[in-house]
Amino acid sequence: MPGRVKKRSPLKAPERPYIALGLEGSANKLGAGIIKHSPDGSTHVLSNVRHTYITPPGEGFLPRDTAQHHREWALTVINDALKKAGVSLHDIDCICFTKGPGMGAPLVSVALVARTLSLLYNKPLVGVNHCVGHIEMGRQVTGAQNPVVLYVSGGNTQVIAYSQQCYRIFGETLDIAVGNCLDRFARVINLSNDPSPGYNIEQEAKKGKRLLPLPYTTKGMDISLSGILTSTEAYTTDKRFRPNGPSPEDGEDIITPQDLCFSLQEHVFAMLVEITERAMAHIGSKEVLIVGGVGCNERLQEMMGVMARERGGNVFATDERFCIDNGIMIAQAGLLSYRMGYETPLAKSTCTQR
């Protein structure tokens with residue numbers, strides 16, 4: 001049987017260097033990144049600057065306050081990115097911005113900055129899908145060819161694969177995102193939001209000693225997370241719960257915040273591994289690419305790695321520079337679009353939350 005013929009990419013090699021500025025602000029991270037595509041086919045990250053809006057422990061971030069943060073920091077972050085890259089806005093080929101999905105007010109604030117720069121410097125605009133930005137940067141950094149993508153962040157939980165020139169969703173959360181689930185529990189037990197609640201849950205989970213029973217809800221290719229969050233919260237009102245850890249007079253049958261973080265993580269990540277494996281079996285892929293902020297979690301990477309190796313495959317993941325929302329991923333996806341002839345007219349440079 002003849003070998004499968006590799007399809008030629010519709011993206012032609014650049015005849016000159018292309019440089020793009022990417023602006024991201026769909027949630028509480030404001031990012032500006034500058035990327036360069038060279039004629040030899042190489043890609044260079046020239047700069048990747050980010051500033052995070054951090055709220056006090058026990059609080060989330062509201063759209064209005066987050067948008068205000070982005071407006072206050074936009075010039076500083078963009079100038080810092082240009083300085084680190086050693087380029088000026090005159091050298092940029094296109095200005096890429098997050099069109100959505102995300103929180104309305106922060107998205108609009110960053111889109112306004114992108115439009116203004118586009119008009120001031122007469123540069124084309126390219127609107128980018130936030131999810132595609134994560135995937136394209138993950139593929140670029142890891143070298144994954146045609147992976148099943150697990151996209152896990154504060155606002156999104158999806159299993160995605162590429163088919164017929166389009167990223168298609170195979171499975172997703174039916175209610176809240178995994179990052180939102182972890183963040184909300186972090187608020188219940190009053191964990192710090194610095195550097196992020198999810199990171200602090202991961203550190204607390206490493207100290208957990210008990211795996212407590214919790215709901216495990218996979219429905220075909222989809223999962224549900226609101227029930228497990230409610231059940232984990234319910235343990236904090238149990239008479240065995242010790243918010244400050246065990247005391248000398250306590251027996252064995254106590255529950256600590258660390259036990260709850262550990263149990264929540266183990267159950268939720270097992271659900272994610274299951275639906276990802278189902279997608280791998282469905283499309284016959286040997287590669288898994290984890291993207292999104294929760295993709296930084298080393299325990300999730302470890303569990304996914306065990307599954308992938310059992311199937312004779314590989315897991316690909318990036319570190320916090322590229323997992324957490326950033327401007328460089330918007331620049332990468334936007335520049336690929338621009339090189340394919342895509343631009344966003346000013347009249348169409350609106351944002352969508354979905």
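Just so it is clear, glycine is given a Cβ too, placed from its N, Cα and C backbone atoms.
Just so you know, TrEMBL annotations never went through curation; they're auto-generated.
Residues annotated as domain 'Gcp-like' in TrEMBL: 45-331. The divalent metal cation binding site annotation in TrEMBL covers HIS130, HIS134, TYR151, ASP325. Taken from TrEMBL, the feature substrate binding site applies to TYR151, VAL152, SER153, GLY154, GLY155, ASP183, GLY198, GLU202, ASN297.
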Task = Could you check which of the binding-site residues (HIS130, HIS134, ASP325) sits closest to GLY198 (substrate binding site), going Cα to Cα?
result = ASP325
Query = HIS134 (divalent metal cation binding site): which of the binding-site residues SER153, GLY155, ASN297 is the nearest Cα neighbour?
reply = SER153
Message = Given a 10 Å Cβ-Cβ cut-off, pick out the one of the binding-site residues GLY155, GLY198 that has the most other Cβ atoms nearby.
response = GLY198
Cα-to-Cα gap, GLY155 (substrate binding site) vs HIS130 (divalent metal cation binding site), nearest whole Å = 11
Ask   = Any idea what the Cα distance is from ASN297 (substrate binding site) over to TYR151 (divalent metal cation binding site), rounded to a whole Å?
value = 13
Query = Relative to the mean position of the Cβ atoms of HIS130, HIS134, TYR151, ASP325, the recorded divalent metal cation site, which additional same-chain residues have Cβ within 8 Å?
reply = SER26, CYS131, GLY133, ILE135, SER153, ASN156, VAL291, GLY292, GLY293, MET329
Task = State the count of C-beta atoms found within 10 angstroms of the C-beta of SER153 (substrate binding site), not counting that atom itself.
result = 25
Remark   = The mean pLDDT across the domain 'Gcp-like' (45-331) is 96
